[in-house]
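Student: Starting off with a structure, shown below.
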Ligand code: SF4
Ligand code: SF4
Ligand code: FES
């Protein structure tokens, strides 16, 4: 039996909402950064790029984007693992595999989070 | 002659399921798939399937015909062949995702357990009026497209989310019934019903793929009902 405790908020509604909101944040982020890239295209220098990300707005926005990646991925990966890596699908080893997969995902996402914040705020 | 490929499995004799190729004379008529099964059973009485009303009302003969779930009694051969898989051969399999008891007969226990979970009956603890609990025509109209479900399981067994988690995802059929009582003006257990649905599996495993809508022989729309439940959860939770 897969327990729901490892989901993001324990409630289906909060997971679902977080998934939608983080999706919108990411879409907005890629549109903003994408349009900056398109506008400055070929002649973009390192100084411009670095100055662009130095502004408080971009720092906060990038942090929001990093948080969204982490939350969005966790909920998505958790759902996938509780769909496919289960006792029903693969017998007893389902639980072991699922936990290992979730632990690995958590480590990777936590690393991204710390790393991202370090890059943005140091 | 019509070529038929039949899923056969008798656990008392067979090690594993196999597809049996048979031919049957339909006298050139575009029979219903259930009629074909009756003809085949007359030749081989060991063939097992469920049926009762033979007119799309009882919901017992849900099966997979050339890759698509439906009721054999109201699906003409020509329509089954149009589903694509199998060419000119009529391919009959049990509904997917649930254990097979024998041939085209599946064990629907998990499907019924999910149905039971949504408390598919009216809950109203206020004193009963002398004659009946009244509903305006508008209130009654809200139940259209919900109450007609015949529990044939064509939808739930076409839903990938139900295949992966039939013990925790209610599935399109059960959720359609859940909404049928959430939408009923005479029911007073709305809050309790909603709180029992707000976990990551019961409702939220639906990813809106709409396989359910695609196969429902009664033309019902479980995806829409699921959207209504989600909106009710949303306005209750925010
Ligand atoms: S819309 Fe939802 S309930 Fe219907 S088949 Fe898709 S996942 Fe299943
Ligand atoms: S919603 Fe349609 S397909 Fe699903 S059980 Fe009811 S009648 Fe059958
Ligand atoms: S036999 Fe009753 S629905 Fe087909």
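Just so it is clear, glycine is given a Cβ too, placed from its N, Cα and C backbone atoms.
Sharing the record's features from TrEMBL:
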TRANSMEM  A:20-39  transmembrane segment
TRANSMEM  A:60-80  transmembrane segment
BINDING   A:72  heme binding site
BINDING   A:84  ubiquinone binding site
TRANSMEM  A:100-121  transmembrane segment
Student: Let's check the environment of the residue listed as 'heme binding site': how many other CB atoms sit within 10 Å of its CB?
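Tutor: So the Cβ neighbour count for the residue listed as 'heme binding site' comes to 20.
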Student: Using a Cβ cut-off under 8 Å, which residues of the same chain at least 6 positions beyond either end of the transmembrane segment (A:20-39) come close to it?
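Tutor: 52, 61-62, 64-65, 67-69, 71-72.
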Student: Roughly how many Å lie between the Cα atoms of the residue listed as 'heme binding site' and residue A:84 (ubiquinone binding site), rounded to a whole value?
Tutor: 19
